[in-house]
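Colleague: Below are the features I grabbed from Swiss-Prot:
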type: MOD_RES; residues: 102; note: phosphoserine
type: ACT_SITE; residues: 102; note: active site, phosphoserine intermediate
type: BINDING; residues: 102, 243, 245, 247; note: Mg(2+) binding site
């Protein structure tokens, strides 16, 4: 059964359009509240958000929904997604909600939900909440004397900074390191520079002037060109770029070269194996991770388990198998020993830990493997259109897979967070260009028809 409101990473869409309306946020608060209010006593939910203007509207609607069914609400204000997950667990809340559209532009927004363990809800829970949203919610309203209360938590950012610092070895400091950190004008704009500075680094912050409209605008992990320039300009040792909600990271070495999540996974897997912290000879990533990573890991006797795209699915596989390292090429790095969900800042600190242990420059360590030639294109489609169900598109994909043979890979998937179809091919350079062009053309023809 397909989902109506939830995608691969919560509910997401353009503000004031389905499903991201104030009415749906209100109904989600009421429905999720009913789902988690299953026994007597007080119940609570924590809410954080990034820096989008629409966050105020969505937050107000959620608060009204939760309090109407008897849940107390703790409001954090701007705070990274992983902080909300951690604080859900720390405050013994029934539920956590992060208001964000992650790496999307300001005009989009979304709602990510976390259970009491700080982990994202599974498909079953999301489907049950959707059913409640579409039903009558009147029966779940609290009596006037049992309404929930809303309270702002002023020290949430300071609490998270302490949690982040505790993930870094106490005997190690970042003294003598100059770091440029790009916070994408997003949720990490205060906490990321603060944590790095308190650990002793010389911090040059950029992307720390949010105005409600500039989140992810030519900055952050999806647009690292500025970070690269600033690293070279200030002769920094490392550049760190977060996305709008702080759950993913890409890096930049001292020469300005961008390092993606696959390279970070390769570095950490090898280092953790060497020091005995890799619990199993395997890590988890998605179908989008580069073939070069898989080959590098195989050379070290480490298996790469692939899942569908989405850090939630990576986390689920890790829980099933007991694997303690996983992530995505986009920069979600999942380390359950430190955080129940992807945390860009903690991942960056793990890389800095390796740099400190090795005494080497970032450029010497962070090109772990030679990536296989890869081409990824996003084909925009009108909302509601499903070109991948077209026989013409299916035929184009089948023909492309035959042409790729066993020497390459082709992945075609609809995004769960944006109205695009992603077409990714790996293999010989000229072949993947031709294959992607053909598949893209078939999708565009159907989408525009």
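Glycine too: its Cβ is placed from the backbone N, Cα and C atoms.
Help me understand the surroundings of these features in the structure.
Modeller: Cβ neighbours within 10 Å of residue 102 (phosphoserine), excluding its own Cβ and spanning all shown chains: 30.
Within the same chain, the residues at least 6 positions away from residue 243 (Mg(2+) binding site) whose Cβ sits under 8 Å from its Cβ are 102, 103, 184, 186, 216, 220, 221, 222, 249, 331, 344, listed in sequence order.
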Colleague: Within 10 Å of the Cβ of residue 247 (Mg(2+) binding site), how many other Cβ atoms can you find? Include all protein chains, please.
Modeller: 34
Colleague: In sequence order, what residues of the same chain, 6+ apart, have a Cβ less than 8 Å from the Cβ of residue 245 (Mg(2+) binding site)?
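Modeller: Counting only residues 6 or more apart in sequence, the Cβ neighbours of residue 245 (Mg(2+) binding site) under 8 Å are 50, 80, 81, 98, 100, 102, 186, 187.
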Colleague: Please state whether DSSP places residue 247 (Mg(2+) binding site) in a helix, a strand or coil.
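Modeller: Note: residue 247 (Mg(2+) binding site) is coil by DSSP, not helix or strand.
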